[in-house]
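Chemist: The transmembrane segment annotation in TrEMBL covers B:6-33, B:45-62, B:68-85, B:160-179, B:208-230, B:242-267, B:273-297.
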Ligand SMILES: Nc1ncnc2c1ncn2[C@@H]1O[C@H](COP(=O)(O)OP(=O)(O)OP(=O)(O)O)[C@@H](O)[C@H]1O
Ligand SMILES: [Mg+2]
């Protein structure tokens, strides 16, 4: 279980997260929701140690992560799929997967498992990441994070700009990981996806977590989403 | 000497220059490529390498080769360690801000120069080459009996200069293999592509930076160890390699390693040839003009990417 309490963080002197608390439980998809600029990406970066916290705590199964150096945090078992994919553009698919495997010392078995999840990548092992199609890039970004065999998966708008069949594939993998017991924290904008996937939702408004709702409530009260997301 | 043999001689001298230059420029290019730091103190790593080589060879008696091998092993190591330490103590604390790192490395340049002046002194000092046979080179000429080999007077090179060319080529191949084929190289390239995401995959970016800064300086020092048996060690000798390395890195494309080698060959060979037939000053003028042309017509350099 990944737990964040009262996070405050920002870019240089500008504070963008004022008070964010959330919990991502094993075997559940927790959606992090909010309008553009609410601080969803910044929250994930703060969890990864990429934004320095001014206060607040982050724990994974009871272990404090907030005072570890950023590169130690993924080693505790957090896989991160950043917004915009952020691939190492000039590395090949094989090299990118190698980087993911090295993070937690995973080996051949994990490599095969990830390539079986995304067979398209297996056909393109020697292609540079930057030359892959958008959908393939998203597969690679997801594969790179899964190479850690993480306990927690952070996904930042994984289906942004993809065609329906690709969205379906990414969604299937997300659900599969949830069913295997991963804790998933998903940033998602599209209504149908939120309603179909979320076991729980955390709403952010200008750097504050203002409300948490479970799936039952999301379905029972459709206005909640409309009201909170302004759509 | 006739034109043909004369040209061969100029090409060989140019290759020696190109060899040293490609090592030095490779260090600068690597540091810029991975860290986006313009290291103005790079020439001083070269100078320190030369001065340390002089000092180390003076410590051991016996055959000059013993001292030379010792210098080749220790001087780059010491200079690399000094550079890694200055990365930790200075550049890291500036958050690698582009403007401030330039000013900081100018500071490092003066510290290195003045410390050397106060300890090593203002004199130029020679290092004895480990071996130095003169090798006469043959030339082909057409006579009445057809093509025949002969040895034109003055067409020769020393075994040490040939060794410099071979050693530099071997080192460059080794660097290339490390960067493209090893895990350490993979960490460096991932850091170069996206340092923030690299951290999210467990790569200790701070350590990678220190190591890369150290390797960059060590390469300059290695070039200097190779050059001191040809050119004496002096506390102001860092200026020219710095200028030429910048020229090479700009022409080759910032951060492109193959581009760096090609540009070093271009600059080294043209320097050798123009110096032999005309004058060394003309060679420098043409090299600088070439940089201006590259900046105007292909700002990203020969093999650089359009945007980074
Ligand atoms: N590198 C940065 N430097 C300064 N401010 C930033 C930086 N990145 C984001 N911000 C600011 O932080 C705030 C939150 O941005 P963030 O990217 O976390 O929002 P988001 O909820 O992910 O939005 P979106 O839905 O558009 O992805 C915004 O006001 C943004 O301008
Ligand atoms: Mg975002």
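Heads up, the Cβ atoms here are built off N, Cα and C, so glycines get one too.
On this model, are these features tucked inside or out on the surface, and what's nearby?
Modeler: Taking Cβ pairs closer than 8 Å, the transmembrane segment (B:45-62) reaches residues 24, 27, 68, 70-72, 74-76, 78-79, 82-83, 112-113, 116, 120, 125-128, 216-218, 220-225, 227-228, 233-238, 241-242 in its own chain, all 6 or more past its ends.
Remote same-chain residues near the transmembrane segment (B:68-85) are listed as 45, 48-49, 52-53, 56-57, 59-60, 127-130, 210-211, 213-222, 224-226, 229 (criterion: CB distance under 8 Å, separation of at least six residues from the stretch ends).
With a threshold of 8 Å between CB atoms, the same-chain residues lying at least 6 positions outside the transmembrane segment (B:208-230) that come near it are 16, 19-21, 23-24, 26-28, 30-31, 34-35, 37, 39, 42-43, 45-50, 52-54, 68, 71-72, 75-84, 86-88, 91-92, 96, 126-130, 132, 160-161, 164, 167-168, 171, 175, 184, 187-188, 191, 198, 241, 245.
Sequence-distant contacts of the transmembrane segment (B:242-267), counting only residues of its own chain at least 6 positions beyond either end whose CB sits under 8 Å from a CB of the stretch, comprise 15, 18, 21-22, 24-30, 32-34, 40, 42-43, 46, 172, 175-176, 179, 192, 220, 287-288, 290-291, 294-295, 300-305, 308.
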